[in-house]
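Q: Quick paste of what Swiss-Prot says about this protein:
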BINDING   Asp453, Asp464, Glu576  Mn(2+) 2 binding site
BINDING   Asp464, Glu562, Glu576  Mn(2+) 1 binding site
Amino acid sequence: MLFSCRAPSLLQRTALSSPLRLFAPCRPSFSRTFVTTTVRFSVEMETVNTSERLAQLRELMKQNNLDVYIVPSEDSHQSEYIAHCDARREFISGFTGSAGTAVISTTAAALSTDGRYFNQAAKQLDSNWKLLKRGLEGVLTWQEWTAEQAEGGKIVGVDPSVITAASARKLSETLEKGGSKLVGIEQNLVDQIWGTHRPQRPSEKVKIHPIEYAGKPFQEKIADLRKELKTKKRAGFIVSVLDEIAWLFNLRGNDIPYNPVFFSYAVITPDTVDLYIDDEKLSPEVKVHLGSDVVIKPYESIFADAKALSAKAPLTESGAPMKYLTSNKASWALSLSFGGEKKLDEARSPISDAKAIKNEVELKGMRDCHIRDGAALTEYFAWLENELINKKSTLDEVDGADKLEQIRSKHDKFVGLSFDTISSTGPNAAVIHYKPEKGVCSVIDPNAIYLCDSGAQYLDGTTDTTRTFHFSTPTEMEKKAFTLVLKGLIALDTAVFPKGTSGFALDALARQHLWRQGLDYLHGTGHGVGAYLNVHEGPIGVGTRIQYSEVSLSPGNVISDEPGYYEDGKFGIRIENIIMAREVETPYKFGDKPWLGFEHVTMTPIGQNLIETSLLSKEERQWVDNYHAEVWEKTSGFFKQDELTLNWLKKETQPLK
């Protein structure tokens, strides 16, 4: 029998230091077949009337003596992209972007998000909401706005399963200074309002990720983790982040759109391996893959087991109980279940660090899948230009996105998309994470900028590519902006730097040419990319986030290189390649340390009619010509029977004039 993820009507409240009794997430009684194509979930760029939802939420807040309630974007595993049943912030606010935090008081409501979503949030939020543009001068953070609303000894509530323990502690300290208090609400209030309309929690089958793609047996990965535990003198590692579990066990799932992960937890000790996952997800083949050393336990039992695990922790030489280690992304609920900071060390995950450094098999897979993906993109752009210019066809943004997915699906090892395709024309290209919806999206204008940011999941890797084209005559400003963005992409692509350098330190390289003109973009320059895993992968990245300064780049890291420029209501430009860090030879070896550079793997032409060649240096012109020669060499063989695409590729990869 099918049933909805519906919370009980009685709500429990707990203070920061109190133990929690967590209810298991509801589960459907069936399993769906693992799919090999992706359903693309579109986003309405229209406002949703949230008055009734907010009224119901405030009534529940009143019943539970709450003055303020926080609704984060994340799920119980701190996933950036979530299953539809976990889209609570979207439900209560109407804002559909992937990042943001909603805060509701008895008299006001605010949503905080970053620069990728300023335009989208402004369009989607109704008059009940105040938009907090994160990072802008004079704009309160959501934590500051919460503290302001809670002044005078008020009570702030949050579901402890969807906020990290570190965030909860920091917010609690801030609130206590003003005489206020943070409490954890065991049953999510938004779930109460959503009720029977809340989507079912996915229960997809798990698949083995073969060694031919993984490159390393999962037993060796666990052995490496145990060495880390021995070095740190910890009793075990509690794994709560979904892509870390998928990577660690060489498994892939289908529980979250575009991300091949599955709902689970794991506990690794020097002697045991426990995987907390619904048994119905595991086929006999997967159980054989895991072997007898991996003990399968029910997904929801992690919280019940937590107390017992911490109670029987081995002793240190001094006789004190040894702590467990967990990621700094672990939820407040999980932390409290293990006994909090006294029993649990929260740190950057060693699994995350290891996963970010791809082995040679994974790197080869990333190279190979980007060649196939580049061929798919080339076929798409050739088709699109022919339809718009020669056939005078009328195509909307969704038509384009659907055609691109159709082309990709023909290629070897294709599984699905890695995120919603951003197919955007004219002013829509200025909406950084724009997602078109059939019926309300725009017709692609051949006389305007067209920006396409898209990616796919292949068995041997994950892709993410952005290209900006103009199929007619671009304006002088469009060409200038495009060329400045291109110069930034080249600057990062060709960077050479000593080992130990972080992505934080490299960010200015991609922005420098825009900065000289007084221009900039409100998003990071690059993010880590998984190997047939999440398209956004930590802990590395290129940008101004503080966490990017805490992790240096290493050979084997795979990141995006994607500077951009956007003029609201006019156009947007972004160029994105995927690049891999590697050791490079230099004339000298200052400090006797390795020096690193990048290898680009994206193989798709860069729109030449948008390049103002007079703004390029001799070296930059040579880079463009060399890049296009490489694209031709690696992808032209796909089009021996496709004259239209081959001719378009030849045109777009000619040396600059």
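A Cβ is built for glycine as well, from the same backbone N, Cα and C atoms used for every other residue.
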Q: Nearest to Glu562 (Mn(2+) 1 binding site) by Cα, among Asp453, Asp464, Glu576 (binding-site residues)?
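A: Answer for the nearest of the binding-site residues: Glu576.
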Q: According to DSSP, collapsed to three classes, what secondary structure does Asp453 (Mn(2+) 2 binding site) have?
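A: DSSP assigns Asp453 (Mn(2+) 2 binding site) to strand.
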Q: For a quick check of packing: other C-beta atoms within 10 Å of the C-beta of Asp453 (Mn(2+) 2 binding site), how many?
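A: Other Cβ atoms found within 10 Å: 24.
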Q: Within 10 angstroms of the C-beta of Glu562 (Mn(2+) 1 binding site), what count of other C-beta atoms is obtained when all protein chains are considered?
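A: Excluding its own Cβ, the number within 10 Å is 26.
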Q: Measure the Cβ-based neighbour count of Asp464 (Mn(2+) 2 binding site), defined as the other Cβ atoms within 10 Å of its Cβ.
A: 23
Q: Determine, from DSSP, whether Glu562 (Mn(2+) 1 binding site) sits in helix, strand or coil.
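A: Where Glu562 (Mn(2+) 1 binding site) sits, the three-state DSSP reduction gives coil.
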Q: Setting Asp453, Asp464, Glu576 aside, what same-chain residues sit with their Cβ within 8 Å of the center of the Cβ atoms that define the Mn(2+) 2 site, listed in sequence order?
A: Ser454, Gly455, Thr465, Thr466, Ser560, Glu562, Arg574
Q: Which residues of the same chain, at least 6 positions away in sequence, have a Cβ lying under 8 Å from the Cβ of Glu576 (Mn(2+) 2 binding site)?
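A: Long-range Cβ contacts: Asp453, Asp464, Thr465, Thr466, Arg467, Leu489, Ser560, Asp561, Glu562, Thr602.
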Q: I need the neighbours of the Mn(2+) 1 site defined by Asp464, Glu562, Glu576. Which other residues of that chain put their C-beta within 8 angstroms of the C-beta centroid, in sequence order?
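A: These residues sit around the Mn(2+) 1 site: Asp453, Thr465, Thr466, Gly526, Ser560, Asp561, Arg574, Ile575, Asn577, Ile578, Thr602.
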Q: Any idea what DSSP makes of Glu576 (Mn(2+) 2 binding site), helix, strand or coil?
A: strand
